[in-house]
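J.: I'd like to ask some things about the structure below.
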Amino acid sequence: MKNLLIVESPGKIKKIQGFLGNDWQVMASVGHVRDLPPHDLGINEADLRPRYVPTERGRTVLAKLARAVELADSVFLATDPDREGEAIAWHLADALGLRNPQRVTYTEITEQAVKGAILQPRELDMRLVAAQEGRRVLDRLVGYKVSGPLSRLAGRKSSAGRVQSPALRLVVEREREIRAFKVTTHYGVDLIFDALDNITPGWKAQWKVKPWLEAGQDYLLDKALATTVAGVRRVTVLSCEESENRVAPPAPFTTSTLQQAASNALKMSPKETMGLAQRLYEAGHITYMRTDSPNLSEEAVACIQEYCRSQNWPVVAKPRHWKSKEGAQEAHEAIRPTHIEIEEAGETDGEKALYALIRQRTLASQLADAVFAVRTVRLVGNPVEDRGPEFEAKGRTLVSPGWKVVLGGDQADEGEEEPENPVPKLQAGSQLTVGEGRVTIHKTKPPARFSEASLVKALEDRGIGRPSTYAAILENILRREYVRLEKRKLVPTPAGEDVVDALLGRFGFVDFTYTKGMEENLDALAAGQARYLDVMRQFTSGLDGELSAFLATINHACPECGKPLRRISKASGKDGRGGYDFWGCTGYPDCRATFTNEDGKPGGRVEPRQKPPRSAVKCPECGKPLVHRRKEGAKGYNFWGCSGYPNCKVSFPDAGDRPDMKGGKS
């Protein structure tokens, strides 16, 4: 009889079967075999325990696995080494009736790792199972209970998500910051100097404007002053200082930083990145790709350093270690090649490019700092307005590349390196002649729209979501058309903005701090520091109260057609005034009934504006009737215009309830 090893993905079977030989049978669960029922809540509201049913694919998989279990001497559960994998292993053990399930885990698919794991099986970790179950239940409660009322309010099928909605909120609020941003034009001055040896390029010094700013100012707005300062032609050297700047390499990749770097360097979406990383992992080329630890095992560090020495690269004296992010949940290594000496791996161009990115970052992590020589010169010019303007020139030169021999810049950030500025060595007290003074014109910029990479970073920084969820979050808000990609930036759609407006202030799960707290509660479950029912009750008690209040605000039927009314916020004008709320029918445009807002409830019916009657006078341009347009008040008007507007824009002054045809058309 054979031993049976059950993995998650069919892509691993061939490789692992080759490691274990004919005494073993390797089969795959193909992901989850059971889940909550698709068409009802599936949660017992008394104890908040889920009711699982086989998935459509799971029925077939379980039947095949059950036959193999009957014939096997021993069954080993080798699903992925994270909470999701632990839960899948428990579902398999429960559905297949395994009395003493043997759990094995490994973070790289190599012969040594797989065989080593089989020699050290363990029991299922029910704390990890509870954490995954808690996440699934919370997500179902939010999605199932809130999405229906939200759809009624919006008048279209809409979706709320415990992690999806805070992510959408980030995109919407960033877009509104951009819309509200007012550009400020401000000024600076660059002094340009010729090279002293006529060989090296020239260099520049920048005016230090801060001492010249008026109280409350962040920028210099006085162009005339900047023009005067740019006229300085003689400066005195106040100081010339030499220093050293050591730059450490970036840490090896976590799931989040890999997604960010692949987006910036390779233009890959998080979904594409994780798909390629999955294939590299299953082929045995890299370690497990869902991790929030930036550190490497001692064995891996030793192999990396040995390889770097063989290439005559500058290895760091003491192995580097990085601090994990707050809330890091798994004890896995960072993402690295399983065999650092292999320079190219992967079947497709995408796989090869991603492998190269991972390998370069891994190698760089154990190399010496890059060292720059920095020269800083302070200058003072002839007095302007009774004081001497000061200038500063800073230049840096790479003297020891260190880790930059393998990694120029990828990477997880979207910043740019400082340009070179070849500042010469100068003596304090010496005087220089300025070659040219330039007024520099700057405009403040609004915050940038989120890219997929920067949204992942924002979610990680706020403790929202976990490594396994980032790609799915982005996929959901794009698929549901709450955001769209425009030049690789995330832009909210009107539907996305409506969802955020409907949820914000009404549900705690849209609050960033609250969402982070729930993630920490799930982490506490995984660590055995909290009880399942306590965590679930804390969330549901708040959700049920919020849902009751939310239902009360939308349970107003339109008296015209019976469909729900929804509260709508009318944006204010450019001056910030004039905003108001009203209630409109979700049956729009078939039903155009609107009502005033009275203390958060629909008030009186707003009568539709009557169209002005058409006159017998014809437009001399197009022949359509003219209409008399009038409005009382400070911003009123009184004229005759063509009913063919906007195609025909002819208009005439009023001459006592008739158009003044001789008064001239406009």
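Even glycines carry a Cβ here, placed using N, Cα and C.
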J.: For which of the residue intervals 51-56, 159-164, 339-344, 585-590 does TrEMBL record region 'Interaction with DNA'?
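T.: Range annotated as region 'Interaction with DNA' by TrEMBL: 159-164.
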J.: Across all chains shown, how many C-beta atoms besides its own are within 10 angstroms of the C-beta of Y288 (active site, O-(5'-phospho-DNA)-tyrosine intermediate)?
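T.: Other Cβ atoms within 10 Å of Y288 (active site, O-(5'-phospho-DNA)-tyrosine intermediate): 22.
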J.: By DSSP assignment, list the helix, strand and coil residue numbers for the region 'Disordered' (596-618), in that order.
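T.: The region 'Disordered' (596-618) comes out at 0 helix, 13 strand, 10 coil.
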J.: Report the DSSP secondary-structure composition of the domain 'Toprim' (2-111) as helix, strand and coil residue counts.
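T.: Result for the domain 'Toprim' (2-111), in helix, strand, coil order: 42 helix, 23 strand, 45 coil.
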J.: What are the DSSP helix, strand and coil residue counts for the region 'Interaction with DNA' (159-164)?
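T.: Across the region 'Interaction with DNA' (159-164), DSSP assigns the residues as follows: 1 helix, 0 strand, 5 coil.
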